[in-house]
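*Asks:* There's a structure below that I have some questions on.
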Amino acid sequence: MASMRESDTGLWLHNKLGATDELWAPPSIASLLTAAVIDNIRLCFHGLSSAVKLKLLLGTLHLPRRTVDEMKGALMEIIQLASLDSDPWVLMVADILKSFPDTGSLNLELEEQNPNVQDILGELREKVGECEASAMLPLECQYLNKNALTTLAGPLTPPVKHFQLKRKPKSATLRAELLQKSTETAQQLKRSAGVPFHAKGRGLLRKMDTTTPLKGIPKQAPFRSPTAPSVFSPTGNRTPIPPSRTLLRKERGVKLLDISELDMVGAGREAKRRRKTLDAEVVEKPAKEETVVENATPDYAAGLVSTQKLGSLNNEPALPSTSYLPSTPSVVPASSYIPSSETPPAPSSREASRPPEEPSAPSPTLPAQFKQRAPMYNSGLSPATPTPAAPTSPLTPTTPPAVAPTTQTPPVAMVAPQTQAPAQQQPKKNLSLTREQMFAAQEMFKTANKVTRPEKALILGFMAGSRENPCQEQGDVIQIKLSEHTEDLPKADGQGSTTMLVDTVFEMNYATGQWTRFKKYKPMTNVS
């Protein structure tokens, strides 16, 4: 049992004091050296390492005087064991601490009588002598400049750099400057926000126009005369004003109609009802599913679901990344066509009052791919503002003569609207996707990472039945790249695999009306 207690104490001391990075006993050891621990140390002292013995002996100096008096016998026995040790440093420390438990003082008269101390001091003197002797500067060095000091004392040895300060990177400095500037800007904005701004009270500062009637205010409300005192006049002379703006805002929606205008309102409601019925027939879905499709339909498929969303395709410019010319929407408002039979011989009053910049919309600097189109649509030349009169027709008197070279020849422009006018009505009635086609298109576009919006519009129009080829110079078969990804395919000999670049292509045949999807495989080495 005693041997087990000794081994436990020795292991505990080694864990506490055996660290080589700390060569001095810490003051916290005083709380660990109790009477029971000192008694166990006395029994296992001979089995401890030299470093632990030294730290233990030096740790007794941190004990309070009252504790030293209580454990005087055990401490004297430990110091006696240390004085018989083979290590010279343990032996020297034991000689120094020989008088400490009795008197509380150290024995420092060892140099002359102890040969062990003489040997240790000799070794220390040799090691200190190996170091470079310190060069003492003259007293007048603080009054001399660098050149005079070098002349007097010789070249000075540069100081040894024991460590280097870690400077902050330049990005941290820039970040701090930006934060400071943003803080100053925010404070300036707060200060400027506190300044009173008259735009909030513009209803009080603006002059009232009494020449035109105010909309939505009942006739019974008292109006102020033009000669009434201002808003800031005394309250006794003021005409009563309606109490709050919210009441006026609610009353603005009220509009007084004449009896003769009731027929027009009824006709408008009837037209709205008929339009809703037509939309419901085209989509062929219940009311709940119709609202989901209306919200989820992208703008490139607007013409295939509802005729009210045609403007979104005309207003969206074609993306320049396409490898061919995307077609304009198959469904075009009828006002974009000009049959020759309906062309007026002279400009009407509505055209005469038109601003002069509208006829100059087809400028001579249009891209060449837009010039190659047959003049069927006006929306292809001016997608932002579809005009009721096509500037490509030579019969329109408002077209300037400078635009004539950029358009097609006059006979083609006159004949094309006559031949295409009946064809225009056909896609307007028949262009609609079935439920299966809509799901197939959604599934196809879900993984497509190379197709653009005009290409999606062209694919949906072809699936719905449009047979107008926008790129006739490429033939009846047009291919559109849907997606591009890589696949690891096994080699022909069955050993290993090779990485191939896979292109998913959508092919449309305008001659037969059939479409297919297939994959093209290319080795990665051929791809730049």
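Even glycines carry a Cβ here, placed using N, Cα and C.
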*Asks:* If I look at Swiss-Prot, which residue among T246, T277, T398 would I find recorded as phosphothreonine?
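*Replies:* When Swiss-Prot is consulted, phosphothreonine appears for T277.
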*Asks:* What residue among T157, T385, T409 has an entry for phosphothreonine in Swiss-Prot?
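*Replies:* Among T157, T385, T409, the residue Swiss-Prot annotates as phosphothreonine is T157.
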*Asks:* T157 (phosphothreonine) to T277 (phosphothreonine): how many Å between their Cα atoms?
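*Replies:* Counting only the Cα atoms, the answer is 100 Å.
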*Asks:* Would you mind splitting the region 'NELF-C/D-binding' (125-188) into helix, strand and coil residue counts from DSSP?
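*Replies:* Across the region 'NELF-C/D-binding' (125-188), the residues distribute as 38 helix, 0 strand, 26 coil.
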*Asks:* Take the region 'NELF-C/D-binding' (125-188) and average the pLDDT across it for me.
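*Replies:* So the average pLDDT across the region 'NELF-C/D-binding' (125-188) works out to 84.
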